[in-house]
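Asker: What TrEMBL records for this protein is below:
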ACT_SITE  GLU182  active site, proton acceptor
BINDING   ASP45, SER46, ASP84, LYS113  3-methyl-2-oxobutanoate binding site
BINDING   ASP45, ASP84, GLU115  Mg(2+) binding site
Amino acid sequence: MKERMTAQKLKTAKGQTPLVWMTAYDYSQALLLEEAEIDVILVGDSVGTTVMGYDSTIPVTLDNMIYHASLVRRGAPRTMMVVDLPFLTYTDVSTALKSAGRLIQETLADAVKLEGGRKIIEQVDALVRHDIPVVGHLGLTPQSIHTFGGYRVQARTGEGIRALVDDARALDDHGISALVLEGIPDRVAAYVTQHVSVPTIGIGAGNQTDGQVLVFHDGLGLSSRYPKFAKPFADVRGTVLEGLRQYRAEVQSRSFPDDAHSYHVPDKEWNEFWSHVTQDR
Ligand SMILES: Nc1nc(=O)c2c([nH]1)NC[C@@H]1CN(c3ccc(C(=O)N[C@@H](CCC(=O)O)C(=O)O)cc3)CN21
Ligand SMILES: CC(C)C(=O)C(=O)O
Ligand SMILES: [Mg+2]
């Protein structure tokens, strides 16, 4: 049996075999990820786009995250679980402590993830001081979609790269356990990886980070639209559609259910019933 990942062990995993993270949002997905020995499960606020049908992560609430994280925890009791703090739930130190406290206590999450760098450094510092492991998230941070004006690759200018590196250093100095780098050029992610002490986890950040994270639906071919960085490693959508078409055809042709999928009564019992029916007439 694989040894369980922890916030402490993450730091010693830097520079070793790349870490494998994936998102999950419910019990059945979590069962699969634990069986596949995925290192870390992220309950992402991408639940908003993948499961809830919103256009962005902005409408996702803390109660939504607590609900989904508690389902995931039941399916993967032995896998490290990181949970996203959603939009506007960490605007100041007291709000961040209250939100993260609920997540940790009500879902048994191992760590929380917050988007941003220096502008949320006080919140990060308070969480770490109160013994709540924190994962950082920089680059294309989807909760800032309205500021970015869309899902745009970040840190593409000299000034943008400098700001990202300064944010990464600030988070590292304040005790984060890992850093997600999303939607940035590969060389920038490689540079940040070499200049922080914690493992970097990339998504659309090239292959020189200390690990990768992928949205469940994107990684397994369940999405209808894919960001450029997403690669489906299975065709679950195609397999599901094939099964649904077969089900429909077999119901319509009465080939399902067959004898093997039906319940039966012995002739003797049926005949007894039938004799009473005919007697009563
Ligand atoms: N299914 C899914 N996968 C994700 O990775 C994901 C979500 N949903 N929802 C929340 C955020 C939103 N994310 C996204 C969504 C779209 C792009 C996208 O379309 N990017 C452009 C880049 C444009 C540019 O070059 O600046 C692309 O073409 O891939 C990127 C990240 C990442 N997260
Ligand atoms: C894509 C990952 C990093 C995320 O934050 C999410 O799934 O919400
Ligand atoms: Mg997220």
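Note: Cβ is positioned from N, Cα and C throughout, glycine not excepted.
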Asker: Measuring C-alpha to C-alpha, could you say which of the binding-site residues ASP45, SER46, ASP84 are within 10 Å of GLU115 (Mg(2+) binding site)?
Answerer: ASP84
Asker: List the recorded positions LYS113, GLU115, GLU182 whose Cβ sits under 6 Å from any atom of ligand 3, in sequence order.
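Answerer: Cβ under 6 Å from ligand 3: none.
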Asker: Using the Cβ center of ASP45, SER46, ASP84, LYS113 as the 3-methyl-2-oxobutanoate site position, which other residues in that chain lie within 8 Å, going by their Cβ?
Answerer: THR23, LEU42, VAL43, GLY44, VAL47, THR57, VAL60, MET65, VAL83, LEU85, PRO86, HIS137
Asker: With every protein chain in view, how many other Cβ atoms are within 10 Å of the Cβ of LYS113 (3-methyl-2-oxobutanoate binding site)?
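Answerer: Total other Cβ atoms inside 10 Å, all chains included: 24.
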Asker: Filter the binding-site residues ASP45, SER46, ASP84, LYS113, GLU115 down to those with CB closer than 6 A to an atom of ligand 1; keep them in sequence order.
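Answerer: Once distances to ligand 1 are taken from each Cβ, SER46 fall under 6 Å.
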Asker: How far apart, in Å, are the two Cα atoms that lie farthest from each other among ASP45, SER46, ASP84, LYS113, the residues recorded as binding 3-methyl-2-oxobutanoate?
Answerer: 13
Asker: How many other Cβ atoms sit within 10 Å of the Cβ of GLU182 (active site, proton acceptor)?
Answerer: 23
Asker: Can you go through the binding-site residues ASP45, ASP84, GLU115 and pick out those with a C-beta less than 6 angstroms from ligand 2?
Answerer: ASP45, ASP84
Asker: Under 8 Å Cβ to Cβ from ASP84 (3-methyl-2-oxobutanoate binding site), same chain, six or more residues apart: give me those in sequence order, or none if nothing qualifies.
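Answerer: In sequence order, the residues whose Cβ lies under 8 Å from that of ASP84 (3-methyl-2-oxobutanoate binding site) (at least 6 apart) are LEU42, VAL43, GLY44, ASP45, THR57, MET65, VAL112, LYS113.
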Asker: Same chain only, sequence gap of 6 or more: which residues have a CB within under 8 Å of the CB of SER46 (3-methyl-2-oxobutanoate binding site)?
Answerer: THR23, THR57, PRO142, VAL215
